[in-house]
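Undergrad: This structure is in structure tokens; I'll ask about it shortly.
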Amino acid sequence: MGFLSSAILLLITAFPAAQAGEMINAAAGATDVIPDSYIVVMNEGISESDFESHRTWATSMNSKSRKRAGAFSGVSRTWSATGMKGYSGSFARETIEQIANNSAVAYVEPDRMVNITAFVTQRNAPSYGLGRISNKRPGNRDYIFDESAGRGITIYGVDTGIDIRHPEFEGRATWGTNEINDVNQDENGHGTHTAGTFAGRNFGVAKRANIVAVKVLNAEGSGSTSGIISGINWCVDHARRNNILGRAVMNLSLGGTGARAFNQVATNAANAGIFLAVAAGNDGEDAANTSPASARGVCTVSASTERDTRADFSNFGSVVDIYAPGDQIPSVFPNNARRVLSGTSMAAPHVAGVGAYLMALEGISSGQVCNRIKRLSQPRIRNPGRDTTNRLLYNNSGV
């Protein structure tokens, strides 16, 4: 970089050349990448006007590339509620490389498919999860809890949607947003099942908590990273507008390949004042390789069995904060049905429910919840996995 006069060369150290953004490419052979779809994250601290100007420029660049390379939709989603400004869309390779080289951009990465983390379905199996988290010893089916039961706390179910009219939810469930299609109902059942665990009348932990459905996954239980980022941003904005930051919980029974933007938005949501319970994943491997389980500031949950062992499908590792029941868990399904599922998807809502329960009972804030859960937990898990906690969720019932 040169200047007209040597007298002002000192400015080079004070104002270095603007740095281009980082282009993060998918690993060779990756099967979860959405073709020609990208997530663009802006530099921290960028102003709203500069962000808008950048998007206008990106749209212009995309329009030029469409004339040469075919149809690419360009910018499709934008977000900023968590403090991470960015957008997603479909771009030609030439265009996305120009975007990545823009000095306002921090990084660009591929958009990916994300899936629910349920594992096995078995009908008519017995329940043990509620009894297990409220008794220090296994074998007791009685669920023991304070009558406050999460009253005044809101839990966001970021999932396939929720059957909000199911009698299990007693009118406490409302529809929030849909970031994947135009069908405002749970087409899969997974989201209704997890909501039944964290706040259902019969199957739930926090039986008086409010429930908000945030649909980011389709009938097959799949969605995009960008859609989930939009859903998380919606939750933060909703909590802020309703003055419940610090008194809100988010259940994320989903996950995919480790993604920087996914982890960043999850961390930002936690920092904003929402307690995040996150499924560790069902690949039987280190959860450090998955998102958002590897995000800082979230409470990452592995799945235990009725025998207090790690479920063989459950991910493990140093990023895991707690174990919770996740094998053979019964709960509700759409259209007044019931279903038994297994997976870290079923473990995470136990933790979301206990988080809401403790926030209501003890008056603690969202940022204190995960550490409180870990302090109350019991050292019960046998063979938890390499570098993994052996602590099992417990609601401090005293029994």
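The backbone N, Cα and C atoms fix where each Cβ goes, glycine too.
Features from Swiss-Prot:
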SIGNAL    1-20  signal peptide
DOMAIN    37-116  domain 'Inhibitor I9'
CARBOHYD  N115  N-linked glycosylation site
DOMAIN    127-399  domain 'Peptidase S8'
ACT_SITE  D159  active site, charge relay system
ACT_SITE  H190  active site, charge relay system
CARBOHYD  N251  N-linked glycosylation site
ACT_SITE  S345  active site, charge relay system
CARBOHYD  N395  N-linked glycosylation site
Undergrad: Taking each of N115, D159, N251, S345, N395 in turn, which of these recorded positions have a Cα lying within 10 angstroms of the Cα of H190 (active site, charge relay system)?
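TA: Matched recorded positions: D159, S345, sequence order.
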Undergrad: Can you name the residues of this chain that are 6 or more positions from N395 (N-linked glycosylation site) yet have a C-beta less than 8 Å from its C-beta?
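TA: Result: I133, S134, I144, F145, V205, V354, Y357, L358, L376.
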Undergrad: Report the DSSP secondary-structure composition of the domain 'Inhibitor I9' (37-116) as helix, strand and coil residue counts.
TA: 30 helix, 29 strand, 21 coil
Undergrad: For N251 (N-linked glycosylation site), what is the secondary structure by DSSP, using just helix, strand and coil?
TA: strand
Undergrad: Around N115 (N-linked glycosylation site), which residues of its chain at least 6 apart sit with Cβ under 8 Å of its Cβ?
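TA: Listed in sequence order, they are L217, G221, S222, G223, L254, G255, G256.
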Undergrad: What does DSSP say about N395 (N-linked glycosylation site): helix, strand or coil?
TA: coil
Undergrad: In terms of DSSP three-state secondary structure, what is the assignment for D159 (active site, charge relay system)?
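TA: For D159 (active site, charge relay system) - judged by DSSP and reduced to three states - the answer is strand.
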Undergrad: List, in sequence order, the same-chain residues at least six positions removed whose CB sits under 8 Å from that of D159 (active site, charge relay system)?
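TA: Those within reach of D159 (active site, charge relay system), by Cβ under 8 Å and sequence separation of 6 or more, are I116, D186, H190, G191, T194, A195, A213, V214, K215, V216, L217, N251, S253, L254.
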Undergrad: With every protein chain in view, how many other Cβ atoms are within 10 Å of the Cβ of S345 (active site, charge relay system)?
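TA: Other Cβ atoms within 10 Å of S345 (active site, charge relay system): 32.
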Undergrad: Would you mind pulling the DSSP three-state label for S345 (active site, charge relay system)?
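TA: For S345 (active site, charge relay system) - judged by DSSP and reduced to three states - the answer is helix.
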